Amino acid sequence: SGKYISWEDSCSYLQLQKYERCELAKALKKGGLADFKGYSLENWICTAFHESGYNTASTNYNPPDKSTDYGIFQINSRWWCNDYKTPRSKNTCNIDCKVLLGDDISPAIKCAKRVVSDPNGMGAWVAWKKYCKGKNLSQWTQGCKL
């Protein structure tokens, strides 16, 4: 007789790739991003939404410098991670870009902390400057039990 795989077993093979807003807020708070370098949790949720739609598997190629943005925060391979194909990659976070695409977002949080520690702060993210900076961001954590 054949072996049946239960629903629970089959789910363990699936990688969680797209977060819900409040679920992400909890994960980022747990990872220590709330008020890190003076940026509220709402800033991070807003940025993640506009960069990746809360999708950890998101990638975007940038033809001008042949770099790629990876993961929930769209961390760039020219400066922050190594994808082994971007010319003159600095790999400042000392991380393989592929790690930023997994369901464990702690490497992305760790690298985001490194990014925001630079003088540019969250200004490193175009989406933050365009959609989040100086805005009322209270709706990004509204209704979340944090």
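Heads up, the Cβ atoms here are built off N, Cα and C, so glycines get one too.
Per Swiss-Prot, the residue from C111, C132 that shares a disulphide bond with C93 is C111. Between C144 and the candidates C11, C22, Swiss-Prot records the disulphide pairing with C22. For the disulfide-bonded residues C132, C144, the ranking by surrounding Cβ atoms (within 10 Å, all protein chains) places C132 first. Annotation: D69 are the recorded positions among C22, D69, C144 whose CA atoms are within 10 angstroms of the CA of C97 (disulfide bond).
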